[in-house]
Amino acid sequence: MAGMAIETPAPGPSTDGSRPSPLPYDALLLYSFGGPNKPEDVVPFLRNVTAGKGIPDARLEEVGEHYYGFGGKSPINGQNLALKAALEAELAARGIDLPVVWGNRNWEPYTRDAVAELADLGAQRAVALVTSAYSSYSGCRQYREDLALTLEARGELGEHGSTGIQFDKVRSYFNHPGFAQANVDAVVEAYRELADGTGAHLVFVTHSIPLTMEAASAVSGATYSAQHLDLAGVVAERVAAELGHPVEWTLAYCSRSGPPSQPWLEPDVNDHLGELARAGTRAVVLSPIGFVSDHMEVVYDLDTEALATARDLGLTAVRAGTVGTRAPFVAGLVDLVLERAALARGEDVAEESVGSMGAFDSVCRPGCCRRRDGEDSGVPALCSTGLYT
């Protein structure tokens, strides 16, 4: 009910002496990209995504054909609602009372809607969980900027941060055991769909980003591409162990945009499939390791375009599932929320990770994940060592 305050128990390791505690947090913000719900939403949604770039509506209509081909509706919203329900169920199963509020950068419910809902709940300190596992401008800092600008519009942004609801964030979780295991399970299932998967090449796929953004992501602890490569090695090794045979793998990219003159991470997945076919590969498994759910970049760029490319090349191809609402992933997200809560309480925490990089920072470093390396945009961003760093 609007205006009803959340009753917050006294701080401590648990609320009843045995249950894990989310304190000091009294709400969880599930924070995502957003997507259109109907054809009339497509161009306004794309205006939001491309704001400030001066792209005419005629071009946005062309880009929107991807969405119109699916009835003008993005699958991401339904998947976020499913993830929200799964998180609520996992929290309840552990006896944790923590309301989950969903908000998006680019469509309804917008960040401003989510913050207003949190305020109506009486939340005082919330933890944000972004539906992007990796550190980069588009996967981390852009969300933190949008949250800061939303608070500024509400008159709740002071010199050192929020003067209203306090926000922290869960660390980038690409190398958390739950995310890794959910990807392993999905890839193993895909291999078992093949009549003979022993020679199938594993192609991990993620969203491409400009090389300027790639360089800037290094401040987080490792570049965006290096984060993927580190996790991919872990997943491939575990998949090979479960299948009982070696697995050759590579990393490719999808969904590049912008002018052709601007360099982005390569190879494009379609070009890469051609390279594999020419080298004698006959079967591939595509693993969308860069994505949390089957949203448009997966169902169009992979299920439509890449699988069509594979057919044209004579390749047998199977697309592995995303982590979605798989149990290891959902449980891992709740573990991350509790880990962040313990850190906020000043406790010593064993931050779990796989691979060679260790856990990334929960509080972002100065200059972390800027759009361009070394370039200060002057836009405030929450959850960092300083509002403008």
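These residue numbers are counts, starting from 1, taken along the chain as shown.
Glycine is no exception: its Cβ is also placed from the backbone N, Cα and C atoms.
Ranges compared are 1-20, 141-160, 361-380, and TrEMBL records region 'Disordered' for 1-20. Note: the Cα of SER74 (Fe-coproporphyrin III binding site) and the Cα of GLU297 (Fe(2+) binding site) are spaced 10 Å from each other. In the three-state DSSP scheme, GLU297 (Fe(2+) binding site) is classed as helix.
A straight line from the CA of GLU297 (Fe(2+) binding site) to the CA of TYR143 (Fe-coproporphyrin III binding site) spans 19 Å. Around HIS207 (Fe(2+) binding site), the same-chain residues at least 6 positions away in sequence with a Cβ under 8 Å from its Cβ are SER138, TYR253, CYS254, SER255, GLY290, PHE291, GLU297. For the recorded site, TYR143 (Fe-coproporphyrin III binding site), the DSSP three-state label reads helix. The Cβ of TYR143 (Fe-coproporphyrin III binding site) lies under 8 Å from the Cβ of TYR31, ARG105, ALA128, VAL130, SER132, each of these being in the same chain and 6 or more residues away along the sequence.
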